[in-house]
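Report on the following structure.
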Amino acid sequence: MYKFAVFGNPIKHSLSPNIHIQFAQQTGFEVSYDKILAPIDDFSSSAQAFINQGANGFNITVPFKLDAFKFASELTLNAQIAGAVNTIKIEQDKIIGENTDGIGLVNDLTHNLGIELKDKVILILGAGGATQGILLPLLKQQPNHVMIANRTPFKAIKLAKDFAKFGKTCGFDLDKIKHDPVNIIINATSTSLYGKMPDIASGVANNAICYDLMYGKQTPFMDWATINHGSMISDGLGMLIEQAAVAFEFWTGVKPNTEQVLSNLRS
């Protein structure tokens, strides 16, 4: 039996056990998958205790992705560039850290929503860890360019410079967003958690695909996109399921089908 879990704080709301148990049923693997509430200041002890119990791997959510990055003994290229880890695989005496967030986002956009990213103008709201985790997979799709807007502009500018070798990027203040047309807007800020939306120019959403990394039937960003005439509006549930599928394959070597799981969770 595979022994998996997800670490977070809070963690009660997590859909990960539901998703991975569906993957297990689909692929025929015996899997246990727990939710573990780790102390805010001591992720490593909780993670090590789980490993000592015979864990095969685990997922990591807010606020422990940087802790997991430091905890891993080895890092994949994705994790190194993302600067954060959301998936760990235990392989003999190795603790291998991976980041599946960006691949999950791209898979949801391209496979589930049918969106072509090549040559598109993409605007990302926010310049924190979530943005850093999705930039490389997005840039690999060869968009025209990726703009990063953040309330603290130097973070956006630095992130854009750090990723410039992978594709055309720029960073600036949220207040500097103009009405210039963009094809895709991705909300990577945490404002949806607090029922808010960044104060940005309304016209920028006109006819744009608007995607919230947060998931929920109607997030504040989705409300904003609706009012401002976004052409296609989606939450991040598909991304959650797609990144989980990449993690499941990382652990087991078998790629699960996400379509039915997404349908089940939507209903």
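For all residues, glycine too, the Cβ spot is worked out from N, Cα and C.
Now, the feature entries from Swiss-Prot:
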| type | residues | note |
| --- | --- | --- |
| BINDING | S14, L15, S16, T61, N86, D101, Y215 | shikimate binding site |
| ACT_SITE | K65 | active site, proton acceptor |
| BINDING | G126, A127, G128, G129, A130, N150, R151, T152, P153, F154, K155, L213, G236 | NADP(+) binding site |
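Overlay of Swiss-Prot annotations on the structure.
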{"residue": "S16", "record": "shikimate binding site", "CB count, 10 Å": "23"}
{"residue": "K65", "record": "active site, proton acceptor", "CB count, 10 Å": "27"}
{"residue": "N86", "record": "shikimate binding site", "CB count, 10 Å": "30"}
{"residue": "D101", "record": "shikimate binding site", "CB count, 10 Å": "30"}
{"residue": "G128", "record": "NADP(+) binding site", "CB count, 10 Å": "15"}
{"residue": "A130", "record": "NADP(+) binding site", "CB count, 10 Å": "25"}
{"residue": "R151", "record": "NADP(+) binding site", "CB count, 10 Å": "16"}
{"residue": "P153", "record": "NADP(+) binding site", "CB count, 10 Å": "17"}
{"residue": "K155", "record": "NADP(+) binding site", "CB count, 10 Å": "17"}
{"residue": "G236", "record": "NADP(+) binding site", "CB count, 10 Å": "26"}
Q: Would you mind checking how many other C-beta atoms are within 10 angstroms of the C-beta on G126 (NADP(+) binding site)?
A: 24
Q.
If you compare CA-to-CA distances from S16 (shikimate binding site) to each of the binding-site residues A130, R151, G236, which comes out shortest?
A. G236
**Q.** L15 (shikimate binding site) and G236 (NADP(+) binding site), distance between Cα atoms, whole Å
**A.** 12
**Q.** Integer Å distance between the CA atoms belonging to K65 (active site, proton acceptor) and G126 (NADP(+) binding site)
**A.** 17
Q) When you average the Cβ positions of S14, L15, S16, T61, N86, D101, Y215 for the shikimate site, which other residues in that chain have a Cβ within 8 Å of that mean position? A) V6, G8, N59, L240, Q243, A244
**Q.** Cα distance (Å, whole number) from K155 (NADP(+) binding site) to T61 (shikimate binding site)
**A.** 22
Q | By Cα-Cα distance, the member of recorded positions K65, G128, A130, R151, P153 nearest Y215 (shikimate binding site) | A | A130
Q. Given D101 (shikimate binding site) and the residue listed as 'active site, proton acceptor', what distance in Å do their CA atoms have, once rounded to a whole number?
A. 11
Q: Write down the Cα-Cα distance for the residue listed as 'active site, proton acceptor' and S14 (shikimate binding site), rounded and given in Å.
A: 15
Q) Given R151 (NADP(+) binding site) and N86 (shikimate binding site), what distance in Å do their CA atoms have, once rounded to a whole number? A) 25
